[in-house]
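Asks: I have a structure I would like to understand better, so I am pasting it below and will then ask my questions one at a time.
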Ligand SMILES: Nc1ccn([C@@H]2O[C@H](COP(=O)(O)OP(=O)(O)OP(=O)(O)O)[C@@H](O)[C@H]2O)c(=O)n1
Ligand SMILES: C[C@](O)(CO)[C@H](O)COP(=O)(O)O
């Protein structure tokens, strides 16, 4: 691979086909307004702000009634496709919908629609280190709180060590075909992977952990949305 190709354009897959059961409400959280724009717009702007990111495939629910029909963001193309019942289904659909110009061994970013607060410096760090790794990399942040394992009665069963524990974030950066095969293998095995790295680890890979900001939050509940709105207002 030439140096130019290695540093060439990257595409992203943005899984946005969830229904926000934990968030509640009638409007899927990715379409709720914060600081004058839908959450998904904040996510896409942050992702496409990096000059190396060429475009994104946004994966929508089959019954999505809120997609505004955007064709571009930050002057870069947006494509859409229909996702599936699981995150892995949606990411696989997004990988299949990438332009033909994205080759099998090209790196691809996967970034949650529900993570609107991606910092450019974190994305740059992920690309700089991840594109020099044989497998790829994920943004993550070290666990800084003491962890507790809850018992059925709500009492504390254990205090597991937080030593060397990190919280996985997104974007996650992997090669298109390798990730596709890893996700397909997890599906064949009936394993519900909660992120792309888990599928790659099942194949024996050890993706790089690249530290990112704990403020790269995933909007899961209304309090997360309120926190993001505060961050945008600060
Ligand atoms: N079948 C699915 C499930 C989730 N997602 C996406 O994966 C990201 C992270 O998932 P999560 O925060 O769990 O979103 P939801 O699945 O919508 O939330 P919930 O689990 O509360 O229903 C979100 O951008 C969501 O839209 C997806 O594209 N397809
Ligand atoms: C991919 C992810 O954001 C990494 O932490 C997380 O696993 C998504 O989990 P969810 O339950 O689908 O929100």
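Cβ coordinates come from backbone N, Cα and C, glycine included.
TrEMBL does not curate its annotations; it predicts them automatically.
Grabbed the feature section from TrEMBL, which reads as follows:
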- 22: site 'Transition state stabilizer' (SITE)
- 29: site 'Transition state stabilizer' (SITE)
- 162: site 'Positions MEP for the nucleophilic attack' (SITE)
- 218: site 'Positions MEP for the nucleophilic attack' (SITE)
Asks: So among the recorded sites 22, 29, 162, 218, who's got the most Cβ atoms within 10 Å?
Replies: 29
Asks: Just to be sure I understand the contacts, which recorded sites have a Cβ under 6 angstroms from any atom of ligand 2? Candidates are 22, 29, 218.
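Replies: Those recorded sites that pass the cut-off, since their Cβ is under 6 Å from ligand 2, are 218.
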Asks: Could you state the whole-number distance in Å separating the C-alpha atoms of residue 218 (site 'Positions MEP for the nucleophilic attack') and residue 22 (site 'Transition state stabilizer')?
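Replies: So the alpha carbons of residue 218 (site 'Positions MEP for the nucleophilic attack') and residue 22 (site 'Transition state stabilizer') sit roughly 12 Å from each other.
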